[in-house]
Each structure stands twice: as structure tokens, then as C-alpha cells.
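Visitor: The structure that follows is given in the form of C-alpha cells.
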Amino acid sequence: MVDLRYGSGNIFDEKVHEIGIIALGSFLENHGSALPIDTDAKIASYIALNVSIITGAKFLGVVIPSTEYSYVKHGIHDSIEDVITYIKYLIENGRKIGINKFLIVNCHGGNTIILDELSKLNFDDCFIQMESVCLTHAATEEVSLGYAVGILSEDKMKTHNPKIYEEIGMVGLKEAREKNEAIDLEAKSVEKNGVFLDKTHGKSLLNDLITNYVEIVRNMI
């Protein structure tokens with residue numbers, strides 16, 4: 001048996017090796033013209049990996065399936081069961097390398113509907129916590145955050161408009177607005193204020209999010 005040096009490297013504490021970080025977003029979802037279709041997965045992965053590097057917790061990768069409310073039609077999504085099955089796979093393999101606490105960094109609002117099923121995976125010797133970043137879809141905050149991460153095309157901001165791309169702010173998603181008051185309120189805000197790139201806010205937001213998740217890991221030790 002090899003004697004592993006758990007105290008090596010830049011880590012918070014040796015116990016951080018018991019914590020695994022999982023990114024959760026979406027891969028197939030329209031985000032206007034300036035952001036890619038896998039925006040949520042890339043932002044979640046960026047945050048999760050950076051938190052792993054800062055704390056020493058293990059980055060376990062990104063969940064490929066994603067889910068969504070049935071009335072939100074701006075991409076291709078999977079069932080809740082598909083998402084849970086993939087997470088279970090990561091957890092089962094994470095436990096084989098000594099992980100018993102899992103932090104899921106979720107950056108897709110539709111994935112919040114897995115929470116009830118996800119809670120069933122918690123046991124005395126296995127703790128799972130999902131913390132979500134839910135921004136107005138493809139609007140100012142997500143555009144600015146995308147810039148900070150490095151996935152935004154500034155040139156394409158010229159056409160990044162809800163009048164052209166209905167999913168921006170979900171302004172043109174009539175059924176979603178009718179069935180979800182929160183979505184409708186966000187859409188009205190986008191209609192009123194528009195969408196613009198705020199580079200300073202994007203960098204600040206990214207830094208704050210990473211810092212917040214680092215604190216969550218610290219509290220899990």
C-alpha cells in the first residue's frame with residue numbers, strides 16, 4: 001500500500017481531500033448571439049475548477065445531462081432521472097477515492113428541479129450540497145460573467161438583442177412567461193433596461209462567486 005502524502009501542495013487542510021466538487025450546467029441551450037450554447041456548463045466548470053485549485057478539494061468534472069421546466073423551450077434537455085443518474089455515477093466513483101462530501105456548483109436554473117431527488121442521495125456517511133447561480137438568461141449579468149470567464153464574443157454583442165433572439169431574458173418565450181411569474185418579471189426587466197456588457201461587474205461577480213464557493217468548501221471541512 002502506497003503511503004499518500006495528503007498534506008502536500010497548496011491546500012486548506014488534509015480533510016479537504018474528502019470533498020469533491022462537481023460542475024452542473026447545460027450544454028445545449030441557446031444564449032443569443034454573443035454567448036455559446038454551453039454557457040452554463042462552462043461557467044459552472046470554470047468556477048468549480050478554480051474553487052478546487054484554491055482549496056485543494058477534488059474537481060470531479062461536469063455533469064453532461066441537464067434538465068429544465070417543460071414550458072421553457074430554448075434548448076435540448078434531459079429528464080431529472082438522467083441528471084441524477086449521472087450525479088450518482090460521479091458520487092459512487094468519488095467515494096472510491098475517499099470523498100464523502102460533494103459540492104455541486106450549478107449554473108443552470110432549470111436544474112434546480114432536481115433538488116428533491118438529489119436529497120435522497122444523502123446518507124450519514126455521504127453529504128451532498130448543491131448551490132446554484134441563477135442569472136437572467138443571456139442578459140446583462142450572464143453576458144458580463146461570460147466576458148470574465150472568456151466565452152463572450154464582444155463583436156456579436158451588436159446583434160445580441162431579445163428582439164432578434166427570443167431566449168434572451170426569455171422575453172419571447174410566451175409560455176414560460178405565462179406559467180412562471182419570476183421568469184415574466186425578469187423578462188420585463190430586460191424589456192425595460194436592455195442588455196449590455198459591464199466588464200467591471202462581470203469580473204467582480206466572478207470573483208465574488210468563486211469566493212463564496214471557497215467559503216462553502218471551508219465550512220464543509
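Using N, Cα and C of the backbone, Cβ positions are placed for all residues, glycine too.
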Visitor: According to Swiss-Prot, Glu29, His108 bind Fe cation 1; identify which of Asp13, Asp38, Asp40 is listed for that same site.
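Guide: Of the residues offered, the record points to Asp40.
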Visitor: Whole-number answer please: how many Å between the C-alpha atoms of His31 (Fe cation 2 binding site) and Asp40 (Fe cation 1 binding site)?
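Guide: That separation, Cα to Cα, works out to 9 Å.
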Visitor: Using DSSP with the three-state reduction, classify Asp40 (Fe cation 1 binding site) as helix, strand or coil.
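Guide: Where Asp40 (Fe cation 1 binding site) sits, the three-state DSSP reduction gives helix.
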Visitor: Among the binding-site residues Glu29, Asp40, point out the residue whose Cβ has the most other Cβ atoms within 10 Å, with all shown protein chains included in the count.
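Guide: It comes out as Asp40.
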